[in-house]
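**Q** Sharing a structure with you now.
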Amino acid sequence: MSSSTSTIVAIASAAGTGGVGIVRLSGPQSRQIAVQLGVARLQPRHAHYARFRDAQGAVIDDGIALWFNAPHSFTGEDVVELQGHGSPVLLRQLVARCIELGARQARAGEFSERAFLNGKLDLAQAEAIADVIAAGDLRAARAARRALDGVFSRRVDAVAHTLTRLRIHVEAAIDFADEPLDTLGGNQVRDGLTQARTLLAQLLRDAERGRTLRDGLHAVLIGPPNAGKSSLLNALAGSERAIVTDVAGTTRDTLHEAIQLDGFELTLVDTAGLRDGGDAIEREGMRRARAELERADLALVVLDARDPQAARAAIGDAIDAVPRQLWIHNKCDLLSDAAPLDVNAIAVSAVTGQGLEQLHIRLRELALGDGVEGVDGEFSARTRHVEALRRAERHVDAADLELGFEQLELAAEELRLAHEALGEITGKISADDLLGKIFSSFCIGK
């Protein structure tokens, strides 16, 4: 049966035992199944006490039944929620009875998928449901809540609306090719392109911040041996996670440690020191360090403050591929008062704690930009959103270039591709396989 004609059922409450458990039904048979379970009367948006019974009339459980009639429900279909005791055994028995009465087990994310397909929320909002549930702290939860409320989607739609107006002018210029572009609203096209680029740049910046709030930041500690990378990881983590000795090359493998820092998760990766030579085990450690850099959002380049230039030479070009870098001069407590400090680096001492507060501030700035906790526009975002915005930005830039050469057909195509990239975010333009991947990552009852 298709999703539009079948009735689905699943446990909607959290896994495990609890005070209350919820079984959710959605589809045309929801109300009928509830009646057959033993709910004598159902009024929309009213709570009704009932005993839920099996095929022989024995009581499975007792609790509350609520009916949300279409289209005034989460999915846009008839929805019934059966609230009973939070026993996994009883909840599974209740689901099995619903299936006997004509429902089928819901797929992962199918309730949210139906809400999307029925126009109750767009794709970015549907994804935000999972982000609200998975939020690791209050700031991430608030950002996810704003995305669910449509803050992100409305900004995407604003850019899309600007592109629509642009496309109208460019398509008109193509239809009237004998007329100069300026007589067909050339200034409006140029102004519109400027506005679109500005809106996209701002939205991309905020989406990258939202992705950091959702996914955290992957930061790799890199540098020569005995620069104090492991000591710095321990200082940032607030515990002795890495082995620290005075022997160069102590760290041979990678060590991952996740910490909470000002509203986002920072995953620190301690790595083997980079240098020429070393035994086979140390060389393997250095290979793994370089591999970690390829996946890094941020490189924390740790150098010995007493001789940073020599330490910098040992690293070579290993960090060139990492877009964001923070240079740290460790062991600053061992410097004489007259020793000069690099103004582009942060001086710290993992032993005394000197400079760690400044390091925290700089890490936050690199992760979240100049965003302030609690600003109205902060929202959660995902990697696919950021990638789609980057594609849209590239296509708008290309359209601007083509218009400069008066290549109107090519400019129109670039604007169409930019529009399409934005549509992928909200689901206005999405391939079926993309939708399947997104909703299959949800909980069964969501």
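One-based numbering along the chain as shown.
Backbone N, Cα and C define each Cβ position, glycine as well.
What you are looking at is a predicted structure, and each value in this text was computed from that prediction instead of being measured.
Annotation source Swiss-Prot lists (6S)-5-formyl-5,6,7,8-tetrahydrofolate binding site at ARG24, GLU81, LYS120, LYS446. What Swiss-Prot records for 216-368 is domain 'TrmE-type G'. Swiss-Prot lists 226-231, 245-251, 270-273 with the feature GTP binding site. Per Swiss-Prot, the feature K(+) binding site maps to ASN226, THR245, VAL247, THR250; the stated evidence is sequence analysis. Residues annotated as Mg(2+) binding site in Swiss-Prot: SER230, THR251.
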**Q** Starting from the Cβ of LYS229 (GTP binding site), draw a 10 Å sphere and report how many other Cβ atoms land inside it.
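**A** There are 32 such Cβ atoms around LYS229 (GTP binding site).
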**Q** Given a separation of at least six residues and a C-beta threshold under 8 Å, show me what packs close to LYS120 ((6S)-5-formyl-5,6,7,8-tetrahydrofolate binding site) in the same chain.
**A** PRO71, PHE74, THR75, GLY76
**Q** Including all protein chains shown, what's the count of other C-beta atoms within 10 A of the C-beta of SER230 (Mg(2+) binding site)?
**A** 24
**Q** Cα distance, ARG24 ((6S)-5-formyl-5,6,7,8-tetrahydrofolate binding site) to ASN226 (GTP binding site), nearest Å?
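**A** So the alpha carbons of ASN226 (GTP binding site) and ARG24 ((6S)-5-formyl-5,6,7,8-tetrahydrofolate binding site) sit roughly 58 Å from each other.
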**Q** Around ARG24 ((6S)-5-formyl-5,6,7,8-tetrahydrofolate binding site), which residues of its chain at least 6 apart sit with Cβ under 8 Å of its Cβ?
**A** VAL9, ALA10, ILE11, ALA12, VAL79, VAL80, GLU81, LEU82, ALA106, PHE111, GLY445
**Q** Could you pull the average pLDDT for the domain 'TrmE-type G' (216-368)?
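**A** It averages 81.
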**Q** Expressed to the nearest Å, what is the distance separating SER230 (Mg(2+) binding site) and ALA272 (GTP binding site) at their Cα atoms?
**A** 9
**Q** Please name the residue among the binding-site residues GLU81, ASN226, ALA272 whose C-beta has the most neighbouring C-beta atoms within 10 angstroms.
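**A** Of the binding-site residues GLU81, ASN226, ALA272, the most buried by Cβ count within 10 Å is ALA272.
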